[in-house]
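The block underneath contains the structure these notes are about, expressed in structure tokens.
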Amino acid sequence: KVYVACQSMLIVLVGAVPEYRIDQEGIPTSRAELGKHIHFADNFTSIVTEASTSWYLIEQEAYKVSLASSLFFAGLLIGNITFGPLSDKLGRKPVYISGLFFDVVFGYVTALAPNYDTFAVSRFFVGIVNGGMALVSFVLTQEYVGKSFWSFTGSLTNLTFAVGIAVYALLGYCVREWRYLALVSNTPGVIFLLLSFMLPESPRWLYSQGKTAEAEDVLQYIALGNGKERLNLKLKPSAGTLRKDDSAPGILNLVKHPVLRWQTIILMYIWYVCSFVYYGLTLNAGELRGNLYLNVALSGLVEVPAFPLCMFLIEKSWSGRRKTMACFLIFAGFACIFTMFLPTNAGLLLSPTLLALCGKMMVSAAFNIVYIYTSELYPTVLRNAGLGVCSMSCRFGGILAPFVPSMKSLSPSVPFVVFGISGLSAGFLTLLLPETLNKPIAESIEDLQSPKYQVLKNEEAE
């Protein structure tokens with residue numbers, strides 16, 4: 001996740017615009033001539049300052065920096081929707097390793113790009129494999145451990161992403177040349193790729209596919225690695241084991257099954273709102289002044305307190321996954337709405353920026369829980385497909401959020417009302433989903449026929 005964070009945040013520093021001035025003497029007649037009249041500050045370089053005649057992304061060409069960022073998020077959307085079903089069909093490990101391999105390859109293409117077009121296209125492909133690989137790696141991590149550890153491993157995984165943002169800021173502070181920064185931040189992927197070959201396949205996936213002997217071998221390997229003695233382990237055949245004439249479950253099953261259909265619709269909206277409010281608060285709370293690298297680091301570190309809070313609350317019987325996520329989303333919604341009532345000069349304790357940062361921490365917590373919660377709601381045979389569809393809707397939230405500030409032309413408070421209503425509505429919709437704390441994980445679609453999976457509203461266990 002540290003590597004994923006570096007790739008995700010790359011454009012923030014690589015596409016930063018340093019201070020510059022343009023000589024007014026003479027009118028440049030070509031891009032090559034334009035380069036002689038531009039003088040950039042020499043504290044760092046970026047694609048904006050690239051000395052090639054086809055770059056210089058300023059003034060009329062400045063939109064290309066945002067375009068490269070948009071292409072990365074468009075790639076994430078495609079990766080989220082394609083890698084999930086592939087890993088459900090082919091296995092977690094081969095899809096994860098393939099994605100990480102191509103992520104490293106396209107990462108180096110980004111660093112060595114001879115022109116802007118190559119850079120932009122490489123960012124698109126990095127987005128595809130980065131988003132897909134990150135999704136599969138999250139599921140793989142969850143399926144290595146027992147369900148009682150899912151909240152811990154899920155929170156720890158998302159926590160390392162936030163820490164990765166701060167690590168990337170530190171790398172940017174130390175490496176000011178953008179090509180070297182791209183190379184340095186991409187190189188850890190090679191180490192992680194080599195280490196990943198040591199990982200076993202997901203025992204849950206093997207079991208869901210009817211490969212009980214292989215699943216038993218993986219469980220024995222994990223037990224020995226934990227210092228346990230060799231176990232006398234024998235798994236029962238899975239109720240959802242495919243017959244040879246059956247086709248593997250796919251995305252259409254998310255629509256066919258009534259329980260999955262309504263859960264997916266609600267979860268897609270919640271994922272969308274999490275992304276929408278998260279990026280909206282970041283854009284509307286007011287940009288932090290001062291050091292660029294410190295600002296990037298703070299944008300990640302402000303999320304860190306959310307994760308231990310999540311791990312504590314979602315394991316308590318009086319809160320659980322459902323109520324905790326609903327409360328975090330509702331608090332984030334109120335933070336957005338209350339922000340518009342505070343004057344900008346109200347002081348530190350009552351400043352809109354501080355309240356917006358608190359809101360960002362709340363929605364970060366909800367974002368963390370929704371990963372864990374979603375993976376528990378879907379059966380193993382459809383877990384990656386479900387997460388992929390939900391994560392796809394999340395990308396739409398990230399794409400739309402930057403356009404909301406333009407609504408300030410109607411009224412300065414309109415953007416905050418939009419984000420606030422979104423957060424509140426998602427929070428209340430969360431209460432329609434079932435609680436998964438201390439409940440068994442569905443391995444197959446057949447498991448959903450059990451009465452406890454037939455209702456969306458949570459019921460107290462008898």
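Each residue, glycine too, has its Cβ placed from N, Cα and C.
Caution: TrEMBL annotation is automatic and unverified by curators.
Taken from TrEMBL, the feature domain 'Major facilitator superfamily (MFS) profile' applies to 9-438.
What TrEMBL records for 62-83 (among others) is transmembrane segment.
Per TrEMBL, the feature transmembrane segment maps to 95-114 (among others). Nonlocal intrachain contacts for the transmembrane segment (95-114), taken as residues 6+ away from its ends with a CB within less than 8 angstroms of a stretch CB, comprise 7, 10, 52, 79, 83, 86-87, 122-123, 125-126, 129-130, 132-133, 136-137, 140, 179, 182-183, 185-186, 189-190, 192-193, 196-197.
Sequence-distant contacts of the transmembrane segment (120-140) (same chain, at least 6 residues past either end, Cβ-Cβ under 8 Å): 1, 4, 7-8, 10-11, 64, 67-69, 71-80, 82-84, 86-87, 92-93, 95-96, 99-100, 102-103, 106-107, 109-110, 113, 154, 157, 199, 202, 371, 375, 383-384, 387-388, 391, 395. Annotation comment: TrEMBL describes 120-140 (among others) as transmembrane segment.
The annotation transmembrane segment is assigned in TrEMBL to 152-172 (among others).
If one looks beyond the transmembrane segment (178-199) by at least 6 residues along the same chain, the residues whose Cβ comes under 8 Å of a Cβ in the stretch are 2-3, 6-7, 10, 13-14, 44-47, 49-50, 93, 96-97, 100-101, 103-104, 107-108, 110-112, 140, 168, 171-172. Annotation comment: TrEMBL describes 178-199 (among others) as transmembrane segment.
What TrEMBL lists as transmembrane segment is 262-281 (among others).
Sequence annotations record features per position, and here TrEMBL assigns transmembrane segment to 326-342 (among others). Residues 270, 273-274, 277, 280-281, 284-285, 319, 350-352, 355-356, 358-360, 362-363, 365-366, 369, 412-413, 416-417, 419-428, 430-431 of the same chain, all 6+ positions outside the transmembrane segment (326-342), place their C-beta atoms under 8 angstroms from a C-beta of that stretch.
Here TrEMBL flags 354-373 (among others) as transmembrane segment.
Feature annotation from TrEMBL assigns transmembrane segment to 385-404 (among others).
Marked as transmembrane segment by TrEMBL: 416-433 (among others).
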